[in-house]
Amino acid sequence: MAGDQVHVLSALDGAKTQWYHFTAIIVAGMGFFTDAYDLFCISLVTKLIGRIYYTVPGSSRPGSLPPTVSAVVNGVAFVGTLSGQLFFGWLGDKVGRKSVYGMTLMLMILCSVASGLSFGNTPTSVMATLCFFRFWLGFGIGGDYPLSATIMSEYANKRTRGAFIAAVFAMQGFGILAGGGVAIGITALFRDLFPAPPYAADPAASTPAQADYVWRIVLMLGALPAALTFYWRMKMPETARYTALIAKNAERAAADMSKVLQVEITKEQAGDLETVITIKSHTPPPSFGLFSGEFVRRHGLHLVGTASTWLLLDIAYYSQNLFQKDIFSAIGWIPPAPTMSALDELFHIARAQILIALCGTVPGYWFTVAFIDSVGRFKIQLMGFFMMTTFMVGLAVPYDYWTGQGHQAGFVVMYALTFFFANFGPNATTFIVPAEIYPARLRATCHGISAASGKVGAIIGSFGFLYLAQSPDPAKTAHGYHPGIGVRYSLLVLAGCSLMGFLLTFLVPEPKGKSLEEMSR
């Protein structure tokens, strides 16, 4: 029986990379492409929505979303994501990964389209509709985190497992680029068709009526990549580890394995699968639950480590990402709002976001893919947190220098490097490790808990940084906001979060080169 190496679960750990692995990366990765597109494109269009629905006639400044509305619009999808991560993570362990995988994608498709619709044309009705559908959009996106990570980890071999999971997550970078690219393309088209003067020249004409279509089209197009991969996602087999170790269906597990390994497994060999798994582990797998003392003894500190590092990472990462436009405005890289029309402003914000994504975000993701299985998760996460701390301090301490005339390019380079080391660092590893270190029957649940902790951090970043980053000078704060501590001190707070993440990384084990069964003991 030991000679039938390709016919047992350990064959997945030693298998060569198959074409199926790349197919799975694309199909699972499209969920994260949609995730990033949907979650980050809202930061592109909030200023346009503010101009359309909240401009005060006679004001010297264009309209902007009131602080509470802005916080809710940015944060409601995160609340939905947090809920979805916990619910679908638990459900994926109970009924199977594949059984609920299509459900999350369908939810994303429907709610992306619905986000661009409105039940009414008043500011209140438009914002209420947008927030309602973005919550459920986030709920679907949340389910994709534990399911995609778990499915990819259970398909992959142990030599390249980290790279495969990282490649799925790296599709977020392309989603961010797509969000900026679509916004630029739609804006350029509407600017040519409906030219408008700057706000200072003609406040009313600076926001043409057709601009209301722009933000809706940008949001609705988020459904397209998800819809294109829905069929292939529904055709994916259940993971053999779930079928064998949790569902206890050896024959079904063998059939699922044969699709991944592209090897025909006979019915007799399938019948031997359960016996081989038991012989390999010498004892029946333990049946402790999530809230048991045995789980706390084995994995309690691991869960504290994966959850806390993800939380701290997302406080820093999302606060910077969602409010790039405010930082760029503060350093003068985006012209003052009154000097632009509504569509000009959207164009400049999208262009800045694409530049940061091209220079820092996307390369960071793929550096992780290239090095994670040689350098290891632990070292990459430590390095990433350390470099994020260093660059944020480097931005904050000489902040007056960076905002001085002629130094903005240096600020942008430093800012891009914080994103590079976030993505070639903890933004990727906090997603990968929870899918590798927990038992199969609790894997998606524990990943969902860790990811939900991260979204708590994203909510803190969304709400906290919105207020903290306001200028201490009341004359320079955005309309409707109280004075804050300014961008400089906000960056120092985020540097402190990154330093704490560095220290808590020591609670997280290194899964490099080990099978999932070894890591879960």
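Backbone N, Cα and C define each Cβ position, glycine as well.
TrEMBL annotations: computationally assigned, not manually curated.
Copied over from TrEMBL, here are the features:
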type: TRANSMEM; residues: 19-45; note: transmembrane segment
type: DOMAIN; residues: 24-513; note: domain 'Major facilitator superfamily (MFS) profile'
type: TRANSMEM; residues: 65-88; note: transmembrane segment
type: TRANSMEM; residues: 100-119; note: transmembrane segment
type: TRANSMEM; residues: 163-190; note: transmembrane segment
type: TRANSMEM; residues: 213-232; note: transmembrane segment
type: TRANSMEM; residues: 300-319; note: transmembrane segment
type: TRANSMEM; residues: 346-368; note: transmembrane segment
type: TRANSMEM; residues: 380-399; note: transmembrane segment
type: TRANSMEM; residues: 411-433; note: transmembrane segment
type: TRANSMEM; residues: 445-469; note: transmembrane segment
type: TRANSMEM; residues: 489-509; note: transmembrane segment
Tell me, please, if the transmembrane segment (411-433) and the transmembrane segment (65-88) are in contact, taking contact as 3+ Cβ pairs under 8 Å between residues separated by 6 or more positions?
no
Quick one: do the transmembrane segment (100-119) and the transmembrane segment (346-368) reach 3+ CB pairs under 8 Å, ignoring pairs fewer than 6 apart in sequence?
no
Is it the case that the transmembrane segment (65-88) and the transmembrane segment (19-45) touch, counting contact as three or more CB pairs under 8 Å in which the residues of each pair are 6 or more positions apart?
yes
Which of 163-190, 346-368, 445-469 contacts the transmembrane segment (300-319) most, counting Cβ pairs under 8 Å:
445-469
Which whole-number mean pLDDT does the model give the domain 'Major facilitator superfamily (MFS) profile' (24-513)?
85
Who are the long-range neighbours of the transmembrane segment (213-232) in its own chain, taking Cβ under 8 Å and residues 6 or more past its ends?
23, 26-27, 30-31, 33-34, 37-38, 41-42, 44-45, 48-49, 52, 102, 105-106, 108-110, 112-113, 115-117, 175, 178-179, 182-183, 186-187, 190, 343, 346
Pairs of Cβ atoms less than 8 Å apart decide it: which stretch in 19-45, 163-190, 380-399, 445-469 has the most with the transmembrane segment (346-368)?
163-190
